[in-house]
Amino acid sequence: MSVLGVGPRTVTPHLRKGMMESSSGISLARAEAFLRLFAILVLVLTACLLGFDTQTKLLFSTIKKTATFRDLGALQVVVYVDSVAAGYNLLQLGRGFISAKLKGKLINVSYVTLPWVCFLLDQAAVYTVFSANTAALQASIIAVTGESSLQWMKVCNRYTRFCIQVGGALLSGYLASLLMVLLSSLSAFSLFRLYSPKQFHLLKPT
């Protein structure tokens with residue numbers, strides 16, 4: 001028996017379950033913080049790789065043309081979407097930090113509302129980032145292969161370095177999408193663990 005009179009046998013199953021859930025919640029919060037920080041870095045990297053990618057070439061022996069991400073609308077969308085997504089994840093990271101610091105000091109109107117909001121926002125963010133990246137990939141393939149039926153010439157045979165950097169940015173964008181899928185999965189777990197596994201739409205007792 002311990003000095004305080006609380007030995008291993010005196011710990012009730014309810015208390016033991018609460019301690020395990022608390023430990024699980026801390027581990028989940030740390031995993032989410034790590035993934036969000038990593039996602040922010042990758043999203044910023046993607047936006048910077050595209051935003052600062054330029055290459056100037058002499059065309060037809062007389063005309064200088066500089067290729068930038070603004071020449072392809074899909075690349076512009078990726079830059080803007082990834083920048084907004086990075087800002088969103090930064091806000092979520094700040095929200096998690098504040099929640100950890102103020103835990104137990106704030107009165108929540110509904111403890112299930114915030115997990116629902118985070119879940120829906122994470123879902124929307126990952127779909128938007130993935131869709132923008134895929135649209136840019138499809139447009140970039142045309143720049144590589146050309147499209148004779150539409151009289152679109154190949155571009156990457158002239159702007160090789162520019163296209164290679166775009167390819168690296170798109171790979172980075174898909175990595176960011178994967179990280180955000182993991183974040184969305186964590187949000188789903190954090191939300192649906194609040195519900196009873198035996199009865200649909202019934203919250204667990206707090």
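Cβ from N, Cα, C; glycine included.
It should be emphasised that the depicted structure is a prediction, and the values quoted were computed from it without experimental measurement.
What Swiss-Prot records for 1-31, 93-111, 183-206 is topological domain 'Cytoplasmic'. As annotated by Swiss-Prot, topological domain 'Extracellular' applies to 53-71, 133-161, with the evidence given as sequence analysis. The annotation transmembrane segment is assigned in Swiss-Prot to 32-52, 72-92, 112-132, 162-182.
Within the chain, the topological domain 'Extracellular' (133-161) has long-range Cβ neighbours (under 8 A, six or more residues past its boundaries) at 55, 57, 59, 67, 72-75, 77-78, 167, 170, 173-174, 176-177. Tertiary proximity for the transmembrane segment (162-182) is limited to same-chain residues at least six positions away from its ends with a CB under 8 Å from its CB atoms, namely 35, 38-39, 42-43, 45-46, 49-50, 53-55, 67, 69, 75, 78, 82, 85, 89, 122, 125-126, 129-130, 132-133, 136-137, 140, 143-144, 155-156.
Packing against the topological domain 'Extracellular' (53-71) from elsewhere in the chain are residues 78-79, 155, 158-159, 161-162, 165-166, 169: each is 6 or more residues past its ends and has a CB under 8 Å from a CB in it.
Counted with DSSP, the topological domain 'Extracellular' (133-161) comes out as 18 helix, 2 strand, 9 coil. With helix defined as DSSP H, G or I and strand as E or B, the topological domain 'Extracellular' (53-71) counts 3 helix, 10 strand, 6 coil.
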